[in-house]
Amino acid sequence: MSSSEIPGILESSRELDRLRKEQEEVLLEINKMHKKLQATPEVVEKPGDSSLSRLKSLYTQAKDLSEHEVNISSTLLSQLNALLPSGTPGQQRRRIEGSDQKRKKMKNESDISRLSPSMRNQLEIYANLKGEQVAARVTGNNAEKDEWFIVKVMHFDRETKEFEVLDEEPGDDEEGGGQRKYKLPMSCIIPFPKKNDPSCAHDFPPGRHVLAVYPGTTALYKATVVSPPRKRKTEEYLLEFDDDEEDGALPQRAVPFHNVVPLPEGHRQ
């Protein structure tokens, strides 16, 4: 194991521990709200009561934490897989022979049973994304900048935890033109909120950095929230995109709520 890789693994582990502790705190708050509403359901009818709004906010927070946990877990798995010894060529051939498929199946079932409930739930959500449009990072881990595009999910493999996606926008002539296909890990995929359900929108406050589809394109860039949909009483965020300067100022652009997602950890732009 390379000593230079260890700090990254430790950092991912610490972040995973922090996320799980935060998830536990949120779940405790959700349980308290449930007990309160079960004991006094009439409270929601009182003027000015914010119990349901608070409960929705907690569930949104739990969902965001769950998605972040999936991304960090995928990163940690990739870091560990890169450092595990692969054995000699002879040993590799012997592992492939015989009952390798049976052992692989048993290992996958064991791995799934050891996953946290939120991770298992996330796998189920990802398995149901076939045919849906999602945000995808199509550049490698060593790229100077991250490139995110809207792609269509063709298939999700629960065992390898990999997506097969299609970039439906024709590429440049120098890239061969036509639609492009990618095979990507879970950490490179972010589902969009459901277009026909504003209640699924992320609750990003003013000043929050997000990843959003630039108007008129299928590419996503880092942006800062100026005003969320609720404040503007619309279904659009008002955003300022980085590096979008015009006449010495950043123009404010309206972006539908379903084209705005959390900014990934360590985003490079």
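Using the three backbone atoms N, Cα and C, a Cβ is placed for every residue, glycine included.
Panel annotation: around the coiled coil (9-36), residues 43, 51, 54-55, 58-59, 61-62, 65-66, 68-69, 72-73, 75-76, 79-80, 83, 116, 118, 265 of the same chain, lying at least six beyond its termini, place a Cβ under 8 Å from a Cβ of the stretch. Sequence annotations record features per position, and here TrEMBL assigns coiled coil to 9-36.
Residues or ranges marked as region 'Disordered' in TrEMBL: 83-117.
The compositional bias 'Basic and acidic residues' annotation in TrEMBL covers 94-112.
Per TrEMBL, domain 'SGF29 C-terminal' is recorded for 124-269.
In the predicted structure, the coiled coil (9-36) carries a mean pLDDT of 82.
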